[in-house]
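Everything below concerns the one structure shown next.
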Amino acid sequence: MGECMLKTNICGIEFKNPVFLASGIMGETGSALKRIAKGGAGAVTTKSIGLNPNPGHKNPTIVEVYGGFLNAMGLPNPGVDEYLEEIEKVRDELNRMDVRIIGSIYGKDEEEFAEVAKKMERYVDIIELNISCPHAKGYGATIGQNPDLSYDVCKAVKKAVKIPVFAKLTPNVTDIIEIAQAVVDAGVDGLVAINTVRGMAIDIRAKKPILANKFGGLSGKAIKSIGIKVVWDLYENFDVPIIGVGGIMSGEDAIEYMMAGASAVQIGSGVYYRGYDIFKKVCDEIISFLKEENLTLEEIVGMAHE
């Protein structure tokens, strides 16, 4: 009975619950996606996949810091053709588990984005455009910090595929509404916010930055308040579904994002703190809250704006 309380519909797609895996370190292989699905996620988001194989940055690429993690992976992936074989291995099993697949993609320009999207379309339920990675020069936030480039990429992908397209936004901008307006004008079906916040850690003994890339993206508890404010602002300005991400560790965190305006949430760093079954734990905590407050999931989305 409780699980039925969490069923949600986004862009015509039914999800058994609104607690998803975020794109990142956990989505590299089909087996990793399956492990997360078994942990209770309503959807799994792949690692960001490009047209060609990419080794990413040299190690060290991740370090734990106060309040979360700094990572500069550099978008490592096997390329879309090889990665689709990973999805193929687990797609039927995920479908039997009623778990949807969100395909995160990146590219250097609109043509590359569109080509990857077309290849991935029949394997996933939603395309998520990574125009927000803060540590891959020429990719990600290089596009997502420019409204014109963001518009061009989103317009090209919307033209290339028929399934819903969401744009994942970077917080590393002066005016995120300007960027969001550009991608909404280009026709995206929804928004994902936020990606990681640019940061750095220095080894005072070695007297140099810890990450090989020098700087990276901060994820985890430290960025939750930033993410919630961005979701709040997006909800105030746009009439498209929003997926909230950044620092979600508990049902209470997820509910905060939903009350700010998110229709669903994604969890990344939280897997390290609470295990693969964090998705079930968060779902159970949301259900308990809804029962205690005599509310429905639909009612809490945007509730803090009333």
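Cβ atoms here come from the backbone N, Cα and C positions, even for glycine.
Database features, via Swiss-Prot:
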{"type": "ACT_SITE", "residues": "Cys133", "note": "active site, nucleophile"}
{"type": "BINDING", "residues": "Ser23, Lys47, Ser48, Asn130, Lys168, Ile194, Gly220, Gly246, Gly247, Gly268, Ser269", "note": "FMN binding site"}
{"type": "BINDING", "residues": "Lys47, Asn71, Ala72, Met73, Gly74, Leu75, Asn130, Asn195, Thr196", "note": "substrate binding site"}
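Sequence features annotated in Swiss-Prot and their locations in the structure.
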residue : record                 : contacts (Cβ under 8 Å, 6+ apart)
Ser23   : FMN binding site       : Thr45, Thr46, Lys47, Ser48, Ile102, Ser104, Glu128, Asn130, Lys168, Gln266, Gly268
Ala72   : substrate binding site : His57, Thr61, Ile62, His135, Leu211, Ala212, Asn213, Lys214, Phe215, Gly216, Gly217
Gly74   : substrate binding site : Asn54, Pro55, Gly56, His57, Thr61, His135, Ala136, Asn213
Gly220  : FMN binding site       : Gly67, Gly68, Phe69, Gly247, Ser269
Reduced DSSP assignment, Lys47 (substrate binding site): coil
Secondary structure of Asn130 (substrate binding site) (DSSP, helix/strand/coil): strand
Distance [Cα-Cα, Å, rounded] between Thr196 (substrate binding site) and Cys133 (active site, nucleophile): 7
Number of other Cβ atoms within 10 Å of the Cβ of Cys133 (active site, nucleophile) across all protein chains: 25
Least surrounded among the binding-site residues, given as Lys47, Lys168, when other CB atoms within 10 Å are counted: Lys47
Diameter of the substrate binding set by C-alpha atoms, the set being Lys47, Asn71, Ala72, Met73, Gly74, Leu75, Asn130, Asn195, Thr196, in angstrom: 16
Coarse DSSP state, helix versus strand versus coil, of Ala72 (substrate binding site): coil
Cβ within 8 Å of the mean position of the Cβ atoms of Lys47, Asn71, Ala72, Met73, Gly74, Leu75, Asn130, Asn195, Thr196: remaining residues of the chain near substrate: Gly24, Ser48, Cys133, Pro134, His135, Ala136, Gly140, Gly217
